[in-house]
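Colleague: Straight out of Swiss-Prot:
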type	residues	note
BINDING	C268, C271, C303, E310	[4Fe-4S] cluster binding site
Amino acid sequence: MNERIFRENTRPVQVGNLTIGGSEELTIQSMTTTKTHDVEATVAEIHRLEEVGCQIVRVACPDERAANALSAIKKRIHIPLVADIHFDYRLALKAIDAGVDKIRINPGNIGRRDRVEKVVNAAKAKNIPIRIGVNAGSLEKKIIQKYGYPTAEGMVESALDHIKILEDLDFYDIIVSLKASDVNLAIEAYDKASRAFNYPLHLGITESGTQFAGGIKSAAGLGAILSLGIGNTLRVSLSADPVEEIKVAREVLKSFGLSSNAAMLISCPTCGRIEIDLIRIANEVENYIATIKAPIKVAVLGCAVNGPGEAREADIGIAGSNGEGLLFRHGKIIRKVPEAIMVEELKKEIDILAEEYFEKKTDLESLR
């Protein structure tokens, strides 16, 4: 196996109850769209994100009102909370005091060394990690002057400069991101960064666009980076409801076999042989399995030609055939059901498989 497939030598960093890096699975993040000082709205949005599989959530902290709301938000959510800080070191101190699980800063734009040191000492005292967020669109003047324009080399140099600031203060609970809206630039930057240091990498294609175009752009960029074995946590950035970010992120990870707690749908392309309402059924099943946290592969096939043989790798599935459905497990037909009830029958089988998975998981955990 190519040594680049799995980057397991990253330094493990604790973020709340999650470990980022090491040999741990990638985690999915998002960011709220609400005004952080509006606690009710922010908590409600985070709860929606939790329901669809968000594992870490970031909130903007642009002012004191936002910083003062962090403690109340933290108490009412169930996933690690990250505060996004720019320029004002006092907001970082307030966020740390409020009990956030991570802060995102650029040490270089916080101010004088004594201010950075105050933030680092506060984070160190509470075991709170710091994410260094490098962005191609906001590189330091000295980097742009040196390279002429945003380059992968410049982004990595910026990251290393910020890392050195923290390391000089004996701080090593660091996560790094190197985001760009240019997919090729992001891929190159993350590849170079993965070879330059062993801190965990937070992946993202920034300013990727709307739900449709941005989802495709993010999948293309993140997929290329993941195929190199790079990445420990990620966010799909969309101009859309953040719930959609989680949906895209989950599908990207599932496509690479990097998510052990998500169901996957296989459905055949439409053609003249289809004998059931495939599009409606596939969408209904996809919505049904969206919140199932078990690694079940589900197939929905439009005719007997494509199934069940061509989807034998699926755990469970249906294939339409003349007003009825062939229900199958691992390529073997288990029974025929009328088309009118075949989706409900499929859902029952999915629930059975999920329950079996959770029972086995519980048994294994009890043996540890």
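Glycine too: its Cβ is placed from the backbone N, Cα and C atoms.
Burial and contacts for the listed features, if you can.
Modeller: C271 ([4Fe-4S] cluster binding site) falls outside any helix or strand according to DSSP and counts as coil. Taking Cβ-Cβ distances under 8 Å and a sequence separation of 6 or more, the neighbours of C271 ([4Fe-4S] cluster binding site) in its chain are G302.
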Colleague: By a simple count, how many Cβ atoms lie within 10 Å of the Cβ of C268 ([4Fe-4S] cluster binding site), its own Cβ left out?
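Modeller: Total other Cβ atoms inside 10 Å, all chains included: 21.
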Colleague: Could you list the residues of the same chain, at least six apart in sequence, whose Cβ is under 8 A from the Cβ of C303 ([4Fe-4S] cluster binding site)?
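Modeller: Counting only residues 6 or more apart in sequence, the Cβ neighbours of C303 ([4Fe-4S] cluster binding site) under 8 Å are C268, R273, I274, E275, A319, G320, S321.
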